[in-house]
Structures are given as C-alpha cells and as structure tokens.
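Peer 1: Encoded as structure tokens, here's the structure I'll be asking about.
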C-alpha cells in the first residue's frame, strides 16, 4: 500500500511539473504571437526608427518604409536598381461628372493652344518678321511700278510713231487700225495694273491697321502705302488719258470714212 501511494504521488508530481513547464513555455512564446499584444502596444503608432517617407505614414505603422529602408532605400531616390524610377506621382485631373473622354481631350488641346498663344505674345522675332515682309512687299511694288511706267512709255512712243508718219489716206487708215490694236492692248494692260495696285493698297491698309501699336512696322507700312497710292493715282491718270486717246482715234476714223 505504501509503495502504491508513493507511486501515485510521484506520478502527480511529474504531471504537475509537465504542466508548469508547458505553461512556462507558453508564457515565453506569448509575446511573439499576435494575441493579447501587451508587449506590442509600445510598437503601435508612428515608427520613429526610420525617416518618414510620406505623410500617409502618420496614420499607419510605417512598416513598408522600414522594409524599404532595410533594403537600402533612401529618401529622394527613385525605385529600381539604378534609381531610375519616378519621383513625382502622375498628376490626376478630376473631370466633371457625366462627361466623356472627348471632353477631356478637347479641354487639354484648348489649354495647349492657350499656352502657345501666351508664349508667342510680344515676341521681338515676330516683329522683325513682319517688318521684313513689309520691306519685301514694298520692293516688289517698286519693281512692278517701274515696269509699269516703262510699259506706258513704250506704248505712248508707239502711239506717236503710228500717227505721226504718212499723209496718204490708205496709210492713215492702216496706221489707225494698227494704233487701235496697240491702244486696246495697252488699255487692257493699264486696267490689269490698276487692279493690281488697288489690291496692294488694300493689303497695305490691312497691315497698317493691324500694326498701329508697333511703331517701326507701322511707319514702314504707312510709307509704302503712300507710295503705292501715288503709283495708283498715276496709273489711273495714264489709263484715263489712254482711253480718251482711243475714243478720239475711233471718232477720227469715222470722220475719215466719209
């Protein structure tokens, strides 16, 4: 009996020692688990062991930044082996509700055009380009005016030669027919030249009105406009005299027929 009681007592003691060892093991492993986090309460909140990479870490634990710091990431670097990643995020534009993507594309194109217009405002290069165009147009007008006056002089010389020689009636009729042909052609040329000069005057007037604030361009265009107007007046006068001479020759021809 004594031996059996002693054996039972030893078994109970061994069981209690096993239970105590199990509980001690559990207590040692408890801080490493996720339940009843007494020891992890101190780890909650903002992690101050590493630098704060973003403001959203104020509301999180900053575990991602700790992992990135352990892998060698530093503030201001881009992701990737050589740091070639983007530093600034992609900008996000909030579109109005119930609008399609076409509306977004049109607004983007409109903003780009407005930006280009603002950049091109008040450029020195643009003023110089306008001034060069005005000078080129003036030079072309001078060349055309000189050609016109040379043509007028040639036609007038032909007219005087045709009607100044010969006294016979047959020669007069023949000369009058040739003079009529020449004068009709000259009249057509004068009319075309008058139309061309009128178009040039209108173009220069448009340039003058559009560049009133640009002093250099305005003065150059105004000078060329006055010269062109003078050439137009001369061409109209020559055209009028030529038309009068044609009508007088036609009347003279009618009288010679009787």
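Each residue, glycine too, has its Cβ placed from N, Cα and C.
Copied straight from TrEMBL:
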- 1-42: region 'Disordered' (REGION)
- 60-106: domain 'G-patch' (DOMAIN)
- 91-145: region 'Disordered' (REGION)
- 100-114: compositional bias 'Basic and acidic residues' (COMPBIAS)
- 115-129: compositional bias 'Basic residues' (COMPBIAS)
- 130-139: compositional bias 'Basic and acidic residues' (COMPBIAS)
- 162-182: region 'Disordered' (REGION)
- 164-174: compositional bias 'Low complexity' (COMPBIAS)
- 187-238: coiled coil (COILED)
Peer 1: In the same chain, which residue numbers or ranges, 6 or more beyond the ends of the compositional bias 'Basic and acidic residues' (100-114), come under 8 angstroms Cβ to Cβ?
Peer 2: 93
Peer 1: Summarise the model's confidence over the domain 'G-patch' (60-106) as a mean pLDDT value.
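Peer 2: Overall, the domain 'G-patch' (60-106) comes to a mean pLDDT of 74.
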